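Visitor: Features from Swiss-Prot:
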type	residues	note
REGION	1-43	region 'Disordered'
COMPBIAS	1-19	compositional bias 'Low complexity'
DOMAIN	60-145	domain 'ACB'
BINDING	Tyr87, Ala88, Arg89, Phe90, Lys91, Lys113, Tyr132	acyl-CoA binding site
REGION	142-162	region 'Disordered'
COMPBIAS	147-157	compositional bias 'Basic and acidic residues'
REPEAT	209-238	repeat 'ANK 1'
REPEAT	242-271	repeat 'ANK 2'
REGION	270-300	region 'Disordered'
COMPBIAS	284-293	compositional bias 'Polar residues'
Amino acid sequence: MASRSPSSSPDSATGSGTDPARPDTGEPLGGGSDSDSDFGLGKFDCSAGDASARLEGADLENEFESAADRVRDLVQTASREQLLYLYARFKQVKVGKCNTSKPGFFDFEGQRKWSAWKQLGDMSAEQAMQEYVTCVHALDPEGSQKSSERRGGEKRTGFGGPAVSSLYQEEKIREEDKNIFDYCRENNIEHVSKAISSKTVDVNTRDEEGRALLHWACDRGHKDLVSLLLQNNADINSQDDEGQTALHYASACEFAEIVELLLKAGADPSIKDQEGSLPEEVTESSAISSLLRQYTAPKG
């Protein structure tokens, strides 16, 4: 499975442009499991007798906002796993239950953040605030009195406070520096179409990791762009350097409509990647798995 993230989403909070609830792919948070026990937080008992557990209503909200301000002072000492823990709970407070689709297959870091948020399920905002505050207190037992002085001085970005947010700002790509893969990622159908029709770009051109435009379009969920590429004879079964086809990407990202589009266009669901995984084995969607099996089953 790909563990790189060559693309990143532009939203400063969590990615995907104007969508404030999709994790982006800024500076990596680190590897390992997404479970809290593996975030270096086992010593943080969020149900213990922390002062925040006794707070309610406005008092708890004020303590939470204060803790969010204090995070800026902890960036150099907290691990990326701990920042991820805080990120998930901040999102739970500000947005609620994870309500976005899984990030793109290339977007490894975004998937980690998305998974951390999603695993909180129906956790209440109150519990998320308490756990957030408890974690910050554990990281900074003495507390930071400076936070109250500067609260309101900076606009909060919605990514766990200004400090956490600053780690994930996407570097803006100047127009003159963009390549065809950037336009594909942006779903700039007009530009991609002109580049292909004018022969400026081969529809099957690959990036440094062997990913074709079709891989990128499927990864980002751009159905219309996928259709355009197929109409221009994109190699539907092209494999990247890890042996993954566009069908692997669409399946892993759980874009059911694109999976169906690819299958109807002749994509081969029996192709395995270098790890021996079929497209149906890289998705968590039972509906997509079922669809893939229908096309894999011998006809007779």
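Any Cβ shown, glycine's included, is placed from N, Cα and C.
So where do these features actually land, and what's packed around them?
Guide: If you take every residue in the domain 'ACB' (60-145) and average the pLDDT, you get 82.
When secondary structure is read from DSSP and collapsed to three states, Phe90 (acyl-CoA binding site) falls in the helix class.
Secondary structure counts, DSSP: the repeat 'ANK 2' (242-271) has 16 helix, 0 strand, 14 coil.
For the compositional bias 'Polar residues' (284-293), the list of distant contacts is 102, 247, 251, 254, 256, 259-260, 263, 269, 278: same-chain residues at least six beyond its ends, Cβ to Cβ under 8 Å.
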Visitor: How big is the acyl-CoA site in terms of the longest C-alpha to C-alpha distance among Tyr87, Ala88, Arg89, Phe90, Lys91, Lys113, Tyr132, in angstrom?
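Guide: So the binding residues stretch over 15 Å, Cα to Cα.
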Visitor: Output, ordered by sequence, the same-chain residues six or more apart from Arg89 (acyl-CoA binding site) with a CB under 8 Å from its CB, or 'none'.
Guide: Leu120, Ala128, Met129, Glu131, Tyr132, Cys135
Visitor: What is the total of other Cβ atoms whose distance to the Cβ of Phe90 (acyl-CoA binding site) is within 10 Å?
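Guide: Its Cβ has 26 other Cβ atoms within 10 Å.
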